[in-house]
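J.: Before I ask anything, here is the structure I am working with.
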Amino acid sequence: MERFSLRFVLMMVSIILTSSICQAQLSPTFYDQSCRNALSKIRSSVRTAIARERRMAASLIRMHFHDCFVHGCDASILLEGTSTIESERDALPNFKSVRGFEVIDKAKSEVEKVCPGIVSCADIIAVAARDASEYVGGPKWAVKVGRRDSTAAFKALANSGELPGFKDTLDQLSGLFSKKGLNTRDLVALSGAHTIGQSQCFLFRDRLYENSSDIDAGFASTRKRRCPTVGGDGNLAALDLVTPNSFDNNYYKNLMQKKGLLVTDQVLFGSGASTDGIVSEYSKNRSKFAADFATAMIKMGNIEPLTGSNGEIRKICSFVN
């Protein structure tokens, strides 16, 4: 029995040490010697893309989220389908929804010109999300880099509840985020990414027409113009009508007025849960929201990264080597 206990303790120590080593291998200075121009190349590609289409900022932040929540931040979301790979792009939460792949491809090609085989696609996604936030007036943070790319995709996992559903309850959202090592404040802060971007009609139609007490009547009436009861499933609507292209704290002010577009937005405020206080705090203090958003993005970027000799550095982000 004592021998078994000792083996168990040693095994747990090994797991903890391995986890610590993985985190230690991620560093903001990871490419300082091997590819010092990497981050500037990525930044240039991102800024060019958002200057062309403002909506792309939200898309790049969302891509990072959808990558990290399915099997960790490993760029598995970028892989196209082949005879041996079922692409996450085709999973229900991502299909014709996640976008910005061409921006990542462009950034990768620019980096490859100066540092071939050095910078991972997973790191490019993470850096692009930060640069997108900064470009539209949001916070900037030091991205920890050193991730490697997966050699597989995880479509079945993406379809199995690893990503939030558009009708999830607060308890479901909190449970999902907790499973990823993120707390309630992280949930509310990361949801603030919906201060920019757009959503498709079919994702919020039911909320508009259910005549619920948690939606402002005037807001619902305005939104119905672009989202009829039948048809128009793909019609786009700004998540924040007031400042749709600026990364500010207006999203939280909207929630307090029952003007959250998605069910998963509005569940953050109005039920008397602990999230109410956080939403109220962010609505009054943009700087606090920005700081907490940056902290949460760093934490999210540390979800199960591949490091060391695990995975690979893809030559082309959409295919394994």
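Glycine residues also receive a Cβ, built from the backbone N, Cα and C atoms like all the rest.
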J.: For the Ca(2+) 2 site that Swiss-Prot gives with ASP240, THR243, ASP248, which of THR195, THR222, THR275 also belongs there?
T.: THR195
J.: With CYS115 as one half of a disulfide in Swiss-Prot, pick the other half from CYS35, CYS68, CYS73, CYS201.
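T.: Record-based pairing for CYS115: CYS35.
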J.: Relative to the mean position of the Cβ atoms of THR195, ASP240, THR243, ASP248, the recorded Ca(2+) 2 site, which additional same-chain residues have Cβ within 8 Å?
T.: ILE196, VAL242, PRO244, SER246, PHE247, ASN249, ASN250, TYR251
J.: Tell me the Cβ contacts of CYS227 (disulfide bond) under 8 Å, same chain only and six or more apart in sequence, or just say none.
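T.: Expected: CYS201, PHE204, ARG205, LEU208, ASN235, ALA237.
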J.: Around the Ca(2+) 1 site recorded as ASP67, VAL70, GLY72, ASP74, SER76, what other same-chain residues have a C-beta within 8 angstroms of the site's C-beta center?
T.: CYS68, PHE69, HIS71, CYS73, ALA75, ILE77, GLU88, ALA122, SER150, PHE154, GLU304
